[in-house]
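Participant: Shown below is the structure under consideration.
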Amino acid sequence: MKIGILSRNQDLYSTRRLIEAAESRGHEVKVIDALRCYMNINSEKPQIHFKGEELINYDAIIPRIGASVTFYGTAVLRQFEMMNVYPVNESVAITRSRDKLRSMQLLSRKGIGMPITGFASKPDDVKDLLDMVGGGPVVIKLLEGTQGIGVVLAETRKAAESVVEAFMGLKANIMVQEFIKEAGGADIRCFVIGGKVIAAMKRQGAEGEFRSNLHRGGSASLVKLTPEERKTAVAAANIMGLNVAGVDLLRSDRGPLVMEVNSSPGLEGIEAATGKDVAGLIVDFIEKNAATKGTKTRGKG
């Protein structure tokens, strides 16, 4: 098969591993920087050009689109879909999951466990909003943040009011969530491929750090999932319509709570913690599914 990887840097661990996995199975692979693609959008023969050449005869595309280039990256992916190239994750599923608020609303509609989450536009509503999520401590998140950037723990109500008002003053969109103390600064990353959890790791925040992101110095270890955690992770990925997803859960007194559903989960941490060939499993999934050559929008909203 001829497989394209939408990635801006072929030296990244995840991109390198996907190239290795595909080539070792006899596939032809090309890394394509979405920002260097330009498109001919027409109803006869839609085209994508990359650095002067037309991209043709691709069987599948693996999107590894960074958060900062979501808009253009998903436009390029959508064009591949118009050309009948099989996407590992569809453009609509990626945009759905990238919008933190929209994804929380979709999960809540299906009754998936999550931290109580508040969203407001005006500083006048901050006091009511904090009452809604249970006062302090609360976690305040920038809707556009990634890798733990733009996430603040406000230990007291007073601190929460100050932080929310400061963000609002910058015209930033934020959501306010209850702090799950019993999680102890740890979360669980479940790696879902094709409706199954194929690997999971526990990420523990560094000393004195409530964020467990590995980019923030957290550590990863193997974890055994409960049946409920497994079911929750698969359901969250399905609601987003993602074939490949990293679902982040917190262990709480009321069961697993979904923090985020990531459409472009990194491979380095999960492969190191579990010893599994996750890149190979993604390519296996493509081999089984790309032959249908169809894209079908899954999930709703």
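Including glycine, each Cβ sits where the backbone N, Cα and C put it.
The following feature annotations were taken from Swiss-Prot:
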BINDING   Lys141, Glu178, Phe179, Asp187, Arg211, Ser212, Asn213  ATP binding site
BINDING   Asp248, Glu260  Mg(2+) 1 binding site
BINDING   Asp248, Glu260  Mn(2+) 1 binding site
BINDING   Glu260, Asn262  Mn(2+) 2 binding site
BINDING   Glu260, Asn262  Mg(2+) 2 binding site
DOMAIN    104-287  domain 'ATP-grasp'
Participant: In the structure shown, with every protein chain counted, which of the binding-site residues Glu178, Asp187, Asp248, Glu260 has the densest set of Cβ atoms within 10 angstroms of its Cβ?
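Facilitator: In terms of Cβ crowding, the pick is Asp187.
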Participant: Look up Asp248 (Mg(2+) 1 binding site) in the DSSP assignment and report helix, strand or coil.
Facilitator: strand
Participant: According to DSSP, which of helix, strand or coil covers Phe179 (ATP binding site)?
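Facilitator: The residue in question, Phe179 (ATP binding site), is coil (DSSP, three-state).
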Participant: Are there any residues at least 6 positions away along the chain from Asn262 (Mn(2+) 2 binding site) with a Cβ closer than 8 Å to its Cβ? List them or say none.
Facilitator: Ser97, Ala245, Gly246, Val247, Asp248
Participant: Taking the binding-site residues one at a time (Lys141, Phe179), which has its Cβ surrounded by the most other Cβ atoms within 10 Å?
Facilitator: Lys141
Participant: Measuring Cα to Cα, tell me the gap between Phe179 (ATP binding site) and Glu260 (Mg(2+) 1 binding site) in whole angstrom.
Facilitator: 15
